[in-house]
């Protein structure tokens, strides 16, 4: 046989002449199948009816309780760690107010005015207290005595007040005052923690020909950070806070950052062309204990 022939199917062999195929025609089998099918259908119908009746008689199963509505995640507070400052003393400055924590001292330097040379007006005599020298042309000047000093109100000076302690800070009237670096300044007893308020003309912070009426005139929160946050500082938090006052809603910018091992919380706003900035600072090592107090003081800034 060729090899290819093994792949072909075998042909059926013819029947032997003596073999017969017996084909039975069994009508009884068909009848039995019909009866069996009818009985099965009747049994299934009866079972279905019984199950339906039992289900109707059984008490209804309690429905599962409705699932509670999905709760929205709690809203993140505008600022973390703010204390109630109503019991604190309130300091009122020029166009602003701020709350001061207990035990903090007012360390604002006295107002310094360009100091004229007092030597032409004060001379020593044999007496224990210095006396004014009588200058040519000032013979008719009025002389008064304050705490051991005699003061001449002459042509060069409208008013002149001298303290025995020159280091205590002298105030002179009639000359131009030097601007203060701070509008308010407070310190903890150890002087490590400071709360300061600074007032700056807005056009010194950002060049503009129009008067800034809102802090948004200085830019967005991110843009204004270049004004209020020193270069190299690590910004920890930045928020826009809107406060309703008597006339309108005022916008404040809040920044919290770290720089040179110091932690700073800063609040700023604008009113009538002036920028008001309140800052609270402390060493990083102390912020963990007193950060809430200092942050609350900075946030309490209010302008009028």
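Glycine is treated like the rest: Cβ placed from N, Cα and C.
Here is what TrEMBL says about this protein:
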| type | residues | note |
| --- | --- | --- |
| COMPBIAS | 1-10 | compositional bias 'Low complexity' |
| REGION | 1-20 | region 'Disordered' |
| REGION | 52-79 | region 'Disordered' |
| COMPBIAS | 59-76 | compositional bias 'Pro residues' |
| DOMAIN | 189-303 | domain 'PsbP C-terminal' |
For the domain 'PsbP C-terminal' (189-303), the mean pLDDT of the predicted model: 95
Helix, strand and coil counts within the domain 'PsbP C-terminal' (189-303) (DSSP): 32 helix, 52 strand, 31 coil
